[in-house]
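Q: Take this structure, written in structure tokens, and hold onto it; I'll ask about it next.
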């Protein structure tokens, strides 16, 4: 954490919230955004995902206040929220991610007293890079340290997911919170989202690079069809389970089962994506190990086609981005995140991104009237205390 960020966070606490007799020392924490290489929309279906943390982070300053009150401040929204009650806020939705963490921690019997929290970050919001999950995990980890919880990072991830499911109202899977909690530098995580077993894998594709194109189409998972997709997956799983009781998640099914399970046309499309993504994830992990960048790229394109046609979570803008980069011979591209906007992940030869983007952004603006952005990133570590 840079000195300027620490100073901004500290001064925000001092200037925003009055002095109190029980103020504790200020401690600093940060949590990253994430990118998922492959395994999209399968983390709530027991599938295999392959995410990594990136070097865009949300930074936190926190201290106990001895008041029994939660005093929260967002530097990015220039907004203050003070409460003793855990009530959903329509006026300041950013506070709900924090209140949700507090609520879930209290359900587990974890100690929480009054505290002051200020936070800021450079994870683009609405871009599908998990800025909300970074807040949830960062707050949960910070609270675990100042209140001396005995809790693992894996359990912090589960707590943070529950906060988004139960308090915020987005029925997300576990992937985002999990990778943000346990990530290591230079490594992707192969995560089985059913068992939560995971392993670390270095990404080493000499001569190639990943980068992100932000469509600048803002998405909000709660307002999108994200929850509808999850309901369709759950319905398809239930129908498969009636025929084969051993099938507890859709990722455990096969094509012969989904063909005879009486799925609706929409459910069949969703299941087709889930099963196809299982194979694609395995192929990408194998190809990365073999340093086969071309095969990785092929699977990225295949993933996007399935997300667009079978899972139907893409949009005209992200479809255009993928096809544009395909026409320029990029090795691979696909939408990432919940969908309906956000970012596209591109895999290409090193040294081409700047010239390609300069050409792309003009054509994109002419077609959609939107200013696209490019994000270069490095694979980073997970949530941490910044001493």
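Cβ coordinates come from backbone N, Cα and C, glycine included.
All annotation found in TrEMBL is predicted automatically rather than curated by experts.
So TrEMBL has the following annotated:
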DOMAIN    25-63  domain 'Galactokinase N-terminal'
DOMAIN    96-181  domain 'GHMP kinase N-terminal'
DOMAIN    286-363  domain 'GHMP kinase C-terminal'
Q: Cβ under 8 Å to the domain 'Galactokinase N-terminal' (25-63), counting only same-chain residues 6 or more beyond its ends: which ones?
A: 1, 5-6, 9-10, 12-13, 115-124, 129-131, 133-135, 137-139, 141-143, 145-146, 171-176, 179-180, 183, 187-194, 201, 203, 210, 212, 229-230, 233, 237, 248-252, 273-274, 277-278, 280-282, 284-285, 288, 296, 299-300, 303, 307, 311, 313, 334-339, 345, 375, 377-387
Q: Roughly where does the domain 'Galactokinase N-terminal' (25-63) sit in mean pLDDT, to the nearest integer?
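A: The average pLDDT of the model in the domain 'Galactokinase N-terminal' (25-63) works out to 96.
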